[in-house]
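Input: a single structure, listed below in structure tokens.
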Amino acid sequence: MASQKLVLALIRAARPTFRNQNDKIAFAVHSSFLASGYVLTATGPQALSDDAFSDPSNDEVSVDHWNELNDEYAFVYANPEKGSEKVLVKCLVMNDKLLVHALTQGSSEPLSLEIDVGDYAEEDGGSNYSQQFKNLDKLVKRIDGDILSKLDGSAKASSSSRSSETSDRTRQELPDPVAGFGEPADPPTQIIFPSVPIGSGSDLVPGPAAGVFPSRGGHGIGGSMLVGPNDPRWFGGIGGDPAFPGGLPGVPPGARFDPYGPPGVPGFEPNKFARNPRRPGYDAHPDLQHFRRDADSDYI
């Protein structure tokens, strides 16, 4: 940040020759840029040339020829600490005012400052530079607030914008990540596995499979389609259902089940599965009576 003491020290070190009050204010503007870290790369007619911005050189030049133009001053600066962009500063004399414009390389909006020359420059001051100016501290603060600090802010914004553009370009060039890769794992979900039913259901209405919760209530029916010799449907009704008290409807006593088999194959004749009536005193099933003990004499 420029200060009155530093600006005055730079003026004294340069020992410029002033032709009028406008020269004094223009050189104070120049010294404020030097106090803020800028270096002079072109001045006078050279600063107004077409290649003032395009010249890649940032070498510092002398201040010679800075006031050769009539009612106009021009300076080109570079600040190595804030990037390679250059700044063109023009000072135009308009009656008793000095209009200062600063344009950053690549920008189309200049910064402007209007200075009343008589408020800051003495008409005479001899060889003592401190007496050439008045209210120098106020002038330096205006130059810093209206131009230098804004240039500094625009340089930071430009640098941030370039960094953002580079980051966006890099992000666009990167391939899309594989889904799920590098992402935090979801919290584990509690899974309740149903128990495996044992002995429930039948072949007519099977019970639930493993891993499936049983349905609520029954189906209103029960029993199996596999009928054995001692199935209750042959005797006391269907599973105790009072709707069929005498046994299976339409099944006469002594009925038998004829299994299907290949025709003409010995051992599958229907009479092989005929049910004999129960004999008094023998509690075996009629189809199993041929295994009784007293039947051994039939095979002797």
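Every residue, even glycine, has its Cβ placed from backbone N, Cα and C.
Quick look at what TrEMBL lists:
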type	residues	note
COMPBIAS	152-164	compositional bias 'Low complexity'
COMPBIAS	165-174	compositional bias 'Basic and acidic residues'
COMPBIAS	280-300	compositional bias 'Basic and acidic residues'
DOMAIN	15-154	domain 'PI31 proteasome regulator N-terminal'
REGION	152-198	region 'Disordered'
REGION	257-300	region 'Disordered'
**Study point:** Mean predicted confidence [pLDDT] for the domain 'PI31 proteasome regulator N-terminal' (15-154)
**Key:** 91
Exercise for review: By DSSP assignment, list the helix, strand and coil residue numbers for the domain 'PI31 proteasome regulator N-terminal' (15-154), in that order.
Suggested key: 48 helix, 37 strand, 55 coil
